[in-house]
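Engineer: As listed in TrEMBL for this protein:
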- 9-131: domain 'Peptidase C39' (DOMAIN)
- 162-439: domain 'ABC transmembrane type-1' (DOMAIN)
- 472-704: domain 'ABC transporter' (DOMAIN)
- 160-178: transmembrane segment (TRANSMEM)
- 198-217: transmembrane segment (TRANSMEM)
- 270-292: transmembrane segment (TRANSMEM)
- 298-317: transmembrane segment (TRANSMEM)
- 382-408: transmembrane segment (TRANSMEM)
- 414-437: transmembrane segment (TRANSMEM)
Amino acid sequence: MQKIKYIGQAQETECGLCCTAMILNYLGYKISLTELERKHKVGRDGLSFKEIGNIIGEYNYKCNYYKIDKFPIGEIEKKLLPMVILWNQNHFVILEKITSRFFYIVDPNYGRLRLSRIEFESHFSNLVLVPELSKDGLKRKNGKSEWSVYRDFFKQNKTGFLFVFLIAIVYYLFTMLIPNIMQNVTNLALAKDTQLVYKYVFILILAIPVFFFIYWLRSKVVLWLSLKMDRFTYSRLMNILFEIHYDFFLNRNSSDILYKISLSRANRDLLLDTVIEGVLDLGMVIVINVLFFFKSRIVFMLMLFFSIVLTVSLLSLKGKIVQKNKNEIMEASKLQGLEYESLSAIFTIKGSSQEKYIEKLIMNQYFNSIDKYKKRYKLNILYGNLTETISLFCPLLLFILTLSIHGMSVGESIYVYSLSGIYFGSISSVFSSWNTLGTIKNNMERINSILDQKVSQLPSNLGQNIETIDTLTFDHVFYKYPGQDKYALNDICFKVKKGEKVSLVGKTGSGKSTLLGLMLCLYLPTRGRILVNGIDIKKINNECYKKLIGFVPQQAFIFNKSIKDNILMNRKYPLSKIEDVCQIAAIKSDIDAMPMKFNTIIAELGRNISGGQKQRITIARALISNPQILLLDEATSSVDNVTEKEIGENLRKDRVTQINVAHRLSTIRDSDMIIAINNGHIAATGTHMELLEKSTVYSDLYKSEE
């Protein structure tokens, strides 16, 4: 029975999709997790058994569902393998194999595991999904290659690779001179011809600086090519991350994305230190083989025999090393995620005295990560010992054997010893590179989950240009999050006119922030239209539209830069303009009281200023570009009532259109229109006094504040 190709999950909700991808690959339809994810969005709750079966069914494979209280071990059950099973009531794994003693599962979270019956039954949750092989099932031999980004780079830089190849040839020729010189000098020394020996000494003295230059040039070109390749990959990665639609980030951990970026940098070092050198050494192996084939068939056959022994030994380890490396990457990613979350929430952790609990969580994950590292490293040690042992003793064995071959001089035996030393050193480098390619492939599987994403559905610089926003209209808009069945917003209809103050109110989770996300083009309506000046927002130049919008998010994000830089965000405005917007945001007096004023450096995440100061700096940042519409998502929740009132009055005087989400209903009494939202529906619209009379949703919210 063929083995299941392991596909690991990056997010907690991906186990079902990973199992689906593994089953499809097993059935004959080669598909990556990223491609499957693009076609079938996974929401906050992951996939159900039925959804897994439906996806597999789309590729013309039938699935059967069973409830099994206890797993008997019989031929019938074995014929049903592999199967997707429910694990710990909240996780999916694949049962791949059953023996008389053990159950073998493929867990998207941990890789391949061998469990005893007791261990298996303690986790098994009685539900199984069995896919059936079918003649009508769709087949595909090859999905998208993990190496596509590097293949693209090669196509664009063929000249650079050709230059490296030419330098390598010159390097090989110089390397070959050393064994030849050793052979000739040995024969001359045995013949006691010292004059010619000195001639070779003179040749060597001349050759040393030339060889040094060639080796330096070779290394420099390899470094140049490797860095260029890294820049090509990294710039594409960054471009996609900032151009991709916001949906991508909804169900992904920031720490996992950061880890994938770090893997891109790790690939640079691996490519530079191992793979490119290994490719060049492969050329050396080929040249030496060809040389011995024509020079001595006996030596060639001996070298070929030792090479086969080394190859078989290393191939038996390669697959295990690649799998162990996958497991190590997965655990390291989880550890980095915990570290990132803990440092981000250090104020809360210390404030709630949870240091010991979080430390224990991190250390447990650390030990899991170290355990995977140790298992992988043990195999690497065995791998390295094999290559070192063969590289050390095979040239010596060849030297001894060639001394016994009739007609071969001592000088020729030394030539064989010297050249075979280079050969086995090069072949070890080639296998090391091959092994490293497995690591890079593992890294690329994770990096490609970003590189294979499609950029934003809205073209940033295409469409109709607009200079002002006179009206913003929601025309029967529905929206549901990716992978969700339930709509977050239902049949939303309203119109905002220029200069109005519009407020959105409702309970937590009612859909207010989702509405703002639609206005910011972070989401696209599932149904219905958003109109700007009567034009569908999809037909408007997105870049032009966003320049007319100022946004103050619920959580004010401040960068580790000066106050001035945090407001400008790389835009060019005079100091007088900065002072004006800070006056409107009621933060200027706070800044003037600081010794460095606008040049004051804010600590990481704004830890050296208050929450209210962060929010007011963010308001100033939004106002600096003279927006037509200002979107405020609980923008003054950390500001005191007096200052909040001052900001509201300043914004009214500025005559900017406001769309405001607020929990403090006292701040929205003067709104031109209040939209009360309940469970994704508009419950009522009107002024403060009108809603108090006609809307129980609004009046209940207002009374709860009093």
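Sequential numbering from 1, following the chain as shown.
Each residue, glycine too, has its Cβ placed from N, Cα and C.
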Engineer: Go through 160-178, 270-292, 382-408 and flag the stretch with the largest number of C-beta pairs under 8 Å relative to the transmembrane segment (298-317).
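Structural biologist: Looking only at 160-178, 270-292, 382-408, the most contacts with the transmembrane segment (298-317) come from 382-408.
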Engineer: Take the C-beta pairs under 8 A between the transmembrane segment (382-408) and each of 160-178, 270-292, 414-437. Which stretch has the highest count?
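Structural biologist: The listed stretch sharing the most Cβ pairs with the transmembrane segment (382-408) is 414-437.
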Engineer: Across the domain 'ABC transporter' (472-704), what does the mean pLDDT come to, as a whole number?
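Structural biologist: The average pLDDT of the model in the domain 'ABC transporter' (472-704) works out to 89.
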Engineer: Go ahead and report the DSSP secondary structure tallies for the domain 'Peptidase C39' (9-131): helix first, then strand, then coil.
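Structural biologist: Going through the domain 'Peptidase C39' (9-131) residue by residue, I get 44 helix, 39 strand, 40 coil.
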